[in-house]
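These features come from Swiss-Prot:
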- Arg22, Glu85, Arg124, Lys459: (6S)-5-formyl-5,6,7,8-tetrahydrofolate binding site (BINDING)
- 221-380: domain 'TrmE-type G' (DOMAIN)
- 231-236, 250-256, 275-278: GTP binding site (BINDING)
- Asn231, Thr250, Val252, Thr255: K(+) binding site (BINDING)
- Ser235, Thr256: Mg(2+) binding site (BINDING)
Amino acid sequence: MDLDTITSISTPMGEGAIGIVRLSGVDAVDIADKLYKGKERLEDVTSHTINYGHIIDPESNEVVEEVMVSVLRAPKTFTREDIVEINCHGGILTINRILELTMTYGARMADPGEYTKRAFLNGRIDLSQAEAVMDFIRSKTDRASKVAMNQIEGRLSDMIKRQRQSILEILAQVEVNIDYPEYDDVEDATTEVLLGKSNEIKTEINKLLDTGTQGKIMREGLSTVIVGKPNVGKSSMLNNLIQDNKAIVTEVPGTTRDTLEEYVNVRGVPLRLVDTAGIRDTEDIVERIGVERSRKALGEADLILFVLNYNERLTDEDRKLYEVIKNEDAIVIVNKMDLDKHLDLDEVKDMIGDMPLIQTSMLKQEGIDQLEIQIRDLFFGGDVQNQDMTYVSNSRHISLLKQARNTIQDAIDAAESGVPMDMVQIDLTRTWEILGEIIGESASDELIDQLFSQFCLGK
């Protein structure tokens, strides 16, 4: 594939130890050579070497910067094109000047994600691997980065390719049946093979979909809402979990008048913590807005932490809150265990039934470990770090897998009902195409452009 040569700054803008300008394309080395002065021309250096020299403005012959230049020849590069990386001192002025020179002498400013897009278009990675690159960049826990790295290395892709190959084998058998309809034994054998392999494919798709919830948590974070009536210790809990003081903690009920969000790594599980305003009837218009936002956050939550006060009796307000959350994934936290007891724990247990209950003192930082373990076990059922690393974490992949499961089931139902094989073939072919969309074998140009537009510039 013959593409023009692109350039961009690949390091964050601002002062820093180094800055990198990256070029990729057929003219990458030639353009860099026009700006570089060193011991030998970049055109003549060995691939995958770093070369010391200077960037010169050819028009004025002025030395712009002292640099180290990496030359990487196709096809053994990320994009499978020639790549040049100019390493200079960090700083906005110099790196921008080098970037401008590369564009003056023939390169085009890269679009967001264009390097990764070229890696996909040139066959180095498939679409699911390309999407995993962004997941890796955005990872908020070690676990999430390992899951993304497994996908970059092709673990999910290999699974999808195996299922597509199995479908092709079924389709080949179906073709024999269509070509020789007069042989009953061929039809019987075809139906037997089709049902056996199709059910195996459906089982494998279901296994992948079973990881979807956990995978999305790894990718996007577990949306966790802390809820309770005012002044039960919700903000103190947030602060203990994030070990920060973003949420204001006072003795005045209703201090948190908005939803506050923080990401935190809880035993390998990324939590997107949302501390809400206390949900209660209020005449304060500002607090009322916060209460409405709290209700909205509750409706979107993956997990709810329902906080009660050990120092107060159970109230109608507590019961109303429980009614709102009783059908959700929730953990009940009895806080302020360091104070005098006024809460009847048996009454609480009767109300919440099988819902997990943890006793804490946020002031003395007691019970935090038990809470973290309960959160982990509720969604991952044990040690997150020691579980298998293959998850489906992307909403697009999950949607396509569900479609593929439906169409393979249609093929199974049709075969069992004695529908003609050429009709069954349609469902099988559609399943093969849907699975291909996951890895980009049958994705539209519009979808590809949309996915890569979400990447950062320089990646």
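Just so it is clear, glycine is given a Cβ too, placed from its N, Cα and C backbone atoms.
All protein chains included, Asn231 (GTP binding site) registers 20 other Cβ atoms within 10 Å of its own Cβ. Per-residue confidence over the domain 'TrmE-type G' (221-380) averages out at a pLDDT of 76. DSSP assigns Ser235 (Mg(2+) binding site) to a helix.
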